[in-house]
Amino acid sequence: MKNKHKITREIPKKSLVKYLLGLFIAVLFFIVFMNFSTKVRGISEGIYFDKLILSRIHNHINQDIKNIMIFISFLGSAKFYLPLCSFLTIYLLRKKHYIESIGLINGVLGSAIVNFVLKRYYVRVRPEMYFQVQETGYSFPSGHSMVAISFYFICTYLLVRNRPWDIKKIIIWMSTIVFVTLIGFSRIYLGVHWPTDVIGGLSLGFVWLYFNIVLVELLHKKYKKPIR
């Protein structure tokens, strides 16, 4: 009986540690974002390591790799993730997984709207001299990167949420991390974003992801409806 009460007391502590660790990481990413954002508003030049990275990459452009990067970039575009998100949302609603639907929609539309507003606030010009494909709109923060980490990470989180940590869960998470990183890198390789745009987008996307996960968990605790 004592062991039962001990376990009951430990669970909230473990959850608190998990949330505090996530918050700490989110704060670090937000600091990175703010560090870049204070320097890029309204400028058309690179900062820090931007020009160095872009020039080195574009001195070694390979057509085959470029084609792969175009495809990977497409997987992070609204033309791909909006239909996919719509399909998944309809599926979740049909299964009556309303909380998961909220998390999914917030992951995509929420981060996309925030990105839309921020681009028009910072009005950073894209690195047009490095363009390998045509692109429009402002540069900071990278919309592909921000929405990709927010969308694909919340999908992965919902998929493995109730699964214990094992080799399969680790592989799934690592695959998602590599995939989202490649989406961000593809934008640099194609010359449509400064590297700091991508890092800024990934950083703010993680912050949005963290609070989205907290929202999902709070809703689950309130309504106590597990994923089946």
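Cβ atoms here come from the backbone N, Cα and C positions, even for glycine.
Nobody curates TrEMBL annotations by hand; they come from automatic prediction.
If you look at the transmembrane segment (16-36), the same-chain residues 6 or more away from its ends with a CB under 8 A from one of its CBs are 47, 140-141, 196, 199-200, 202-204, 206-207, 210-211, 213-214. Summarising the annotation, TrEMBL assigns transmembrane segment to 16-36 (among others).
According to TrEMBL, the feature transmembrane segment maps to 68-91 (among others).
Counting only same-chain residues 6+ beyond the ends of the transmembrane segment (98-118), those with a CB under 8 A from a CB of the stretch are 78, 81-82, 85, 88-89, 92, 140-141, 143, 146-147, 150-151, 153-155, 157-158, 201, 204-205, 208-209, 212-213, 215-216, 219-220, 223, 225, 227. If you look up TrEMBL, you'll see 98-118 (among others) marked as transmembrane segment.
Sequence annotations record features per position, and here TrEMBL assigns domain 'Phosphatidic acid phosphatase type 2/haloperoxidase' to 102-213.
What TrEMBL lists as transmembrane segment is 138-159 (among others).
For 171-192 (among others), the entry in TrEMBL reads transmembrane segment.
Annotation source TrEMBL lists transmembrane segment at 198-219 (among others).
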PLDDT averaged over every residue in the domain 'Phosphatidic acid phosphatase type 2/haloperoxidase' (102-213) | 94
Same-chain residues at least 6 beyond the ends of the transmembrane segment (138-159) with CB under 8 Å of its CB atoms are 33, 36-37, 40, 73, 76-78, 81, 85, 88, 100, 103-104, 106-108, 110-112, 114-116, 118-120, 122-127, 172-173, 176, 179-180, 183-184, 186-187, 192-194, 196-198, 200-206, 208-209, 212-213, 216, 227
